[in-house]
Ligand code: AMP
């Protein structure tokens, strides 16, 4: 499958420094920053610096170094935020991909959600 990447998406603009962000952590291949509309007390997004639309695109085309760095960055952000289950109260990681997920920003991002009890993963529609 050929993935089409929109270079004008908001996270591409953040990566190019065209709009500000509340950075939590930077690595060679990733940026972690606070979500502008947090849904939990801690709501941090981790994105690769590379131009990947979603998780499928990333695991198909990213290098092993990018994939390793991304995973380690997610874990490091959780640890440094004090929410890893070994020392804190835990977290939830979510990524949206494709229309059913209602992905808004077409650049891969993992949401790290923490800081309160989040209840069940999904609520059934009424
Ligand atoms: P998704 O629906 O998974 O694509 O999530 C996109 C997320 O990006 C939402 O939680 C937004 O609040 C967040 N977001 C959008 N614009 C910005 C921004 N400029 N800085 C930080 N987070 C943003």
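Here the Cβ of each residue, glycine as well, is placed from N, Cα and C on the backbone.
Because TrEMBL annotations are produced automatically, they should be read as predictions rather than curated entries.
Computed from a predicted structure; not experimentally measured.
In terms of DSSP secondary structure, the domain 'HIT' (10-123) contains 33 helix, 25 strand, 56 coil. Feature annotation from TrEMBL assigns domain 'HIT' to 10-123.
Per-residue confidence over the motif 'Histidine triad motif' (107-111) averages out at a pLDDT of 98. If you look up TrEMBL, you'll see 107-111 marked as motif 'Histidine triad motif'.
Marked as active site, tele-AMP-histidine intermediate by TrEMBL: 109. Note on residue 109 (active site, tele-AMP-histidine intermediate): other Cβ atoms within 10 Å of its Cβ, all shown chains, come to 25.
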